[in-house]
Every structure is written in structure tokens, then in C-alpha cells.
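**Student:** Quick paste from TrEMBL:
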DOMAIN    C:15-88  domain 'Glycine transporter'
DOMAIN    C:101-174  domain 'Glycine transporter'
TRANSMEM  C:12-32  transmembrane segment
TRANSMEM  C:39-61  transmembrane segment
TRANSMEM  C:73-88  transmembrane segment
TRANSMEM  C:125-146  transmembrane segment
TRANSMEM  C:158-174  transmembrane segment
TRANSMEM  C:180-200  transmembrane segment
Amino acid sequence: MTAAGTGGTFDVIYALDLLGTAAFAASGALVGIRKRMDLLGVVVLGLVTATGGGVVRDLLMNDTPPFCFKNETYLYLALAVTIIVFLIPRKFERQRKTMLLLDALGLGTFLVIGTSKALAFKLGFMGSVIMGVMTATAGGMIRDMLGNEIPLILQREIYASACIAGGIVLYLLHRAGVAAAVTLPVAALVVIAIRIAAILRGWQLPKGPVI
Amino acid sequence: MTAAGTGGTFDVIYALDLLGTAAFAASGALVGIRKRMDLLGVVVLGLVTATGGGVVRDLLMNDTPPFCFKNETYLYLALAVTIIVFLIPRKFERQRKTMLLLDALGLGTFLVIGTSKALAFKLGFMGSVIMGVMTATAGGMIRDMLGNEIPLILQREIYASACIAGGIVLYLLHRAGVAAAVTLPVAALVVIAIRIAAILRGWQLPKGPVI
Amino acid sequence: MTAAGTGGTFDVIYALDLLGTAAFAASGALVGIRKRMDLLGVVVLGLVTATGGGVVRDLLMNDTPPFCFKNETYLYLALAVTIIVFLIPRKFERQRKTMLLLDALGLGTFLVIGTSKALAFKLGFMGSVIMGVMTATAGGMIRDMLGNEIPLILQREIYASACIAGGIVLYLLHRAGVAAAVTLPVAALVVIAIRIAAILRGWQLPKGPVI
């Protein structure tokens, strides 16, 4: 998923990738606990939320087995976080602001990883943006489907939309020939900034007329 | 997906394929609006409904990246239709008969594309029929799952069943050595005719006994 | 999926695989009938429950087309069982104990097939266990999602957990160099024994605190 060790930018991305994986695993585990699932269900929701987006992306790009089966660090990390959340969920619930911040970091990182992988696979504009958005959001959508809810991100909040903005920025900078060491952090910061501003200011997308 | 330009039949199929994509995108967008999703949710439902079936088929046949990432016309078209529906949904709601007709055209076209692709990949009888039916119906099933409903086509109406009939006809004609220029339109017409007759006459499949 | 005919163990596995396929198809069909789906919906639920786990596994390991499209016996068998259940569902409902036993047999067999395939593909510990568990449970999870329910196995009963235990046993025995003729039946028996004991004694996994 990331070529760790090939340079500073990539080491930072790998660290943020693991941080985002942990944050997503915690969010999945909390949904499972709230839905009164048992330990197994909570573990499944944690793992799926943390790795589902990247797995779907790798399936669509035929890079198999998906990233977390090549480097099981992602799976062990998500499993460990899930079990900790299962034992002391209230401590995580109380840290709502920290959780949202870590989630935003994960969102930006996953978007950047997905879109830059799509660019490396020579996908076009729509494909590159979609792969990034999917990497960042498909895990959460599967989490909500398993929990028998309409996925939250389809209904409200600027979440996937922040990813779309970051994906467009990354695609355009890449096309303009800007180096990855610049495009990746810039695009991630676009996602994170929009996401945090949206939370602080309560931004919403419009809905269609009632029909 | 289609070898446009290699002959009249294939040009017609490509045109019908785009028409079906537009019709399916509109049906997905309308579900999203009815479910009170925001613009992003409506776009996701439009894109998934329009391309989901073909994407699942290409994943199962390992023809990646899936068709709409090779030819992004499908994605741009679905996106444009979705946004138009988002802006003026009532105009589409009022054209219920036209929408059902376009949907039936899309159904027949997608069945033919999926089943003939499976035949080209040397799948057997069950595989060829299933790939066609999945191409035509999986997008709508994912749409309903994202909208937190039991997929409509599992409960009532002759919809996937019309595809099964068309897929069987296409498989048998193909085995009998009939040329694609004949088998494709015949199978598509079987699907469209059964689907329209079912709507007009209110045909239903039987349900099992209450248990 | 299985190399039938290469030896006694593999012939037995193939026979159990077909038995498990039939049991899973019946469980899917019964859910479809209970949900008041029509014949088509019941068939879809039967096929998906019987083959969905193996299809997801083969997609993740890029062994395409998935097993049931290479050997359509699985699809014909699941279709036949589904139609029989559709016609006489109460006879199957009344055989609850037999159904649970056959389901447990299928669970152990599918776990063993999935995990040993992952080992052949050189996946690691987490990957091997997950592939086995997914082979045994993903079909049932998709069944419940299509039926618009939170998957049963995420909420209660020792079901996937029995698979995890069997997968760990199989992985460790394999690493220790024990022959497949021993590891496969032992791991399957672990799954079946835990599953049956859990039913008889009402074992449950813990749930997290209410949050």
C-alpha cells in the first residue's frame, strides 16, 4: 500500500495510514457495541471499517490479495484496537473530539493513498477520484450496511465531499507535473481542513425537493 | 464493454447501453432523493445503480479495472443524469411510463451484454445466465441495500425473471451456432417484451406458503 | 475448489462440500420464504447463501472465475434444493435439528476449504483464518443483508467463533508440518464440535457494556 522507507513523505504516510486504520477500527467497534453485537460482531465491524475501503479499491484495481493480506500489520492493529474499545468503550465515547480529529486524519490519508494508487494504475479523472473516495469511505458504508442503517455519509455531513475535493486537487496537481512529495500532503490537508471546518461550522450539502 | 464501430449491431448496442445507463442512473437518483439523502448520497446512488451490475460482473470475470473505469463515458453520463434529476426530480417522477420503458430497454441491453461477455469468457449455462442477470440487476440491488430496503426485485414483479428468460434464449441460440447479429437483438427483445407485458398485465411470480 | 479424486480425504471433503452447499441453500431459501419473497427472490437467497462465501474468498484471492462458475455442480445443486424448499418449506422447518446438524457440517467443511486454500496461496496467519471464516460465513451475512437484517452471526451464538477456532487449529497444525489428511478433518471436527456444543449448552459470547 505504501512503499515505507523510500523517503520521508512515504514514512509519514505509512504512519498516518496506521493512525487512520486505528481510528476507523475504533469507529466500527463503537457502532458494533451500540448495536448490541457480541464480541465477534464488534471485531468484524472494526476490521471491516478499518480495511474495507482499501480492500474494495484493490479488488477493483485487481491488486490482489488486497493490501491488508500482504501486510497483516493493518489487521493486527485493527484487531487490537477493536478489543481495547470493546473493553473500555466509554473512554472512547468521551473523547469525541479527539476521535473526530483522528477520523479526519484517516480520511485525508486514505483519500491520498487511494487516488495516488489509481494514478499509478493509469486510471482517468473519474476513476482516480472515485478510488480515493472509495478507499476513504467504503469501509464505513459497509459498517452501516452490516448495522442495518442507511450509510450516514449518504445522508448528511461533509465527509465524502471533502474527499472528492481532495481527490480533484491531487489529480490536477499530478497532471500539472507537481511532485508527489508536494501533491500528497496538500491533497490530504484539503480533505482534513474541509472536514474539520464542516464539523465546526455545521456545513451540510443540499437535499433535493421532497417528492 | 462493447466494441463500438465494429458493425451496426454493436453500435446499436453501445447506444442502448448508454441509454440504459442513463435510465438506471435516474432510477437510483430518485431513490436517493426519496430517502432524503443529500446531493452526495444521490450521486452515489445514481452511479452505483447505473454501473454496479457491470462492475460486479467484471470483478467476477476478472476483467479489471471494470468497464466504466476503462471508458469513463459511463461515469460522466451517470453523473450528469444524476445532477439533472437532483435539480428537477418531479419532471422525472411525472414521466413514469417513459421511465419504465427506458428501464426495460436498459434491462434487455444489460442482460445481452453480460451474457454475451460470459459466453466469450467460456462460462457454462448457469454462469452465462447469472452474469447477464447480475449485469442487469445487481446495481439496483445494491441501490436498495444502501437505501436500507429489501431489494424490490426479490419481492415482486417480473424483472430479474425476464432477464433469466432472455439469458436462456441467448445461451441456446449461441450454442445452436446462430450469429450474434441475430441472437443479441432477439434475446434483448425477449427481456423487454416480457418486462413490458408483466407491467401491463400485472404478472407476478408465486410466493411460497406462509411459514 | 477441491481436487476430487486425488485421494480419500479429498473425496470426502468434496462430498461434505456438496452437503454443506445444500444445507446453506436450504437455510437461504427458508429466509427468503419467511420474508415473503417471490420464487426469484427465494432462488437468489438460496444461491447467494450457498456460494457467496466461496465467491468472496475467490475474489479476494484472485482465483477467478469463482469456484462455482468453474464447476457448476454447486449452482445446480443449490438451485435444486432451493426449489424443493420453496415447494415444501414446512417439511424443512420441522427438521430443525437435522438442519442445524447439516449446517454445522457445512460450517466445518467450508472453514477447512477456505483456510487450506489460503495456505496454498501463502497468506499469513490472519489472512488464512479470515479466508476460512469468510468462506463459511459471508454467504449467510449477504443473505441477512439482502433480507434487511443485521447479520445474525454478529449478534449472538457461537458460529463464526467456532470457525475462528478451527482456522487457528488448522494454521498451527499446518505450520507444524502435519499432513493435510490429518489437519483437515481435525480442524473441521473442532468447528463442528464447538458449534454443536454451543447449540446444546446455549453458549454465548460476551457483549460490551451498554453505551
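Cβ coordinates are placed from backbone N, Cα and C, and glycine is handled just like the others.
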**Student:** Using DSSP, break the domain 'Glycine transporter' (C:101-174) down into helix, strand and coil residues and give each count.
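**Tutor:** Here the numbers are 60 helix, 0 strand, 14 coil.
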**Student:** Within the domain 'Glycine transporter' (C:15-88), count helix residues (DSSP H, G, I), strand residues (E, B) and coil residues, in that order.
**Tutor:** 61 helix, 1 strand, 12 coil
**Student:** Across the domain 'Glycine transporter' (C:15-88), what does the mean pLDDT come to, as a whole number?
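**Tutor:** PLDDT averaged over the stretch: 96.
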**Student:** Sort out the residues at least 6 away from either end of the transmembrane segment (C:73-88), same chain, that have Cβ-Cβ distances under 8 Å to it, and list them.
**Tutor:** 1, 18, 21-22, 24-26, 28-30, 33, 39, 42-43, 45-47, 50-51, 54, 67
